[in-house]
Amino acid sequence: AGRRKGEKCQKSASPTSFRLTEKFILLLVFSAFITLCFGAIFFLPDSSKLLSGVFFHSSAVETNTRTGPDSSDSGSAGNDERVLAKIRKDHEKALIEMMKHAWDSYRRYAWGSNELRPVSKQGHSSNLFGSIKGATIVDALDTLYIMEMFEDFDAATDWVEKNLDFSVNAEVSVFEVNIRFVGGLLSAYYLSGKEVFRRKAVELGEKLLPAFKTPTGIPWGLLNLKSGIGRNWPWASGGSSILAEYGTLHLEFMHLSKLSGNPEFAQKVMNIRKVLNRLDKPQGLYPNYLNPNSGQWGQHHVTVGGLGDSFYEYLLKAWLMSDRTDEEGKKMYYDALQAIETNLIRKSSGGFTYIAEWKGGLLEHKMGHLTCFAGGMIALGADGAPSDKTGHQMELAAEIARTCHESYARTATKLGPEGFRFDGGVEAIATRQNEKYFILRPEVIETYMYMWRFTHDPKYREWGWEAVQALEQYCKVEGGYSGVRDVYASSPSHDDVQQSFYLAETLKYLYLLFSDDDHLPLDHWVFNTEAHPLPVIKKDKTDRPNEVE
């Protein structure tokens, strides 16, 4: 019926007259539009931008209307920001995929073991943990949580609840068990609030206390968790304890006292400082070896790499974690840094700043991959230095980051060697076969993360992405990620170990490098030396006890 009504209307009007009227109206509309456009071009202010906005939907116009007349380039800047944000998000997703591959492989082939052998697809247990199991699970807890892999986090939590057992008749490394297990459990507790982690952390902390039963209170390096009998590594300078081992308990033990209400943990680590402060330091430096019976230094070897490294890190971080109230820790750190700068930091003929090793007053011009954490440490401490030294310390941190990047850039794989030298015409290159391996270590990436947070110089993200690509190309295998034996070989062989710290540190620092700064902000969280975040213990505002933020 509707269609038939239309037919009647058409018959009553002349087809010719209708077409003329239609053309006339269209001509009028078109003329009016042209007139308006010309008027806009000649009479309206900033009309070219207006027209480009009308016809081309230019984001420059949109941005200009928001930010005022002086920001003519802000549209392209806005576009650049959006592109960069997308790249960053893509990088974040890539890191989550890497974590999934490492974690899923561990779950499939080595669940409950300490670590994974990714090439042979089976479990691997290091003697560092005695017969404690599950190092990768505990080390990865906070990374899983931070990356929002909550189903995997729940599976790991369930394993901890049912299977994590410290009643083992075996020797463990006090240092390794503290930084990986105690640190991992504390972080998991603070992030998730699950009581099981607090309970297990305190239980393990209590089992480590007998290590301090020495004449000086300087703890043994090795401890049988069942018998409570301790000893030191037989190779360590006449039965000495090692600076980086007894000096890397402070952060965890302060939190153990806080969470348990037992002051003994804090007292044990504060006593270590008393012993150190009574001793003469050669050139203001801390030797790597200290005899726990006599309280005297062993060999006068000093390094900011392995055997020394995290002692210095924990002095600074103890001060930061105390909400900047631990003045003793602060003074010890900045005094030590000054001695390191005077005696150990040198510049090569090619202009690379490096941290040498000091042996009884003689320098060995080599730097370890482990030493590369120092760029991040110095950057982290720069704003607490005397005001005239802050800028200098940031420059020093950047120089160390550049040197460590160079050690990566000069290899075939673009992964860094375990150690590299600056002598005999060689710069930032490993010259010995036993220094050419890469075991998925995090220290260089850790420094990139801190340098990015403090400077926002895009090169640190670019360098981090170079490392991601190298890890994917040379370390990724079907069954996880493996270290490589020679970073200078174009087709290196694998060492068949996926270290627990790869999930705890390397992947976490890479993820944070591409995350926003408010993801674990550095004014609220302090990372232990295994990259486990611990909250700053806020200073008293009233007479109430300190509260952890």
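Note: Cβ is positioned from N, Cα and C throughout, glycine not excepted.
Record features, source TrEMBL:
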type	residues	note
TRANSMEM	24-44	transmembrane segment
ACT_SITE	ASP309	active site
DISULFID	CYS372-CYS404	disulfide bond
ACT_SITE	GLU443	active site
BINDING	THR529	Ca(2+) binding site
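In terms of C-alpha distance, the listed recorded positions ASP309, GLU443, THR529 place GLU443 closest to CYS372 (disulfide bond). In the shown protein chains, 28 other C-beta atoms lie within 10 A of the C-beta of CYS404 (disulfide bond). Here the C-alpha separation of GLU443 (active site) and ASP309 (active site) works out to 11 Å.
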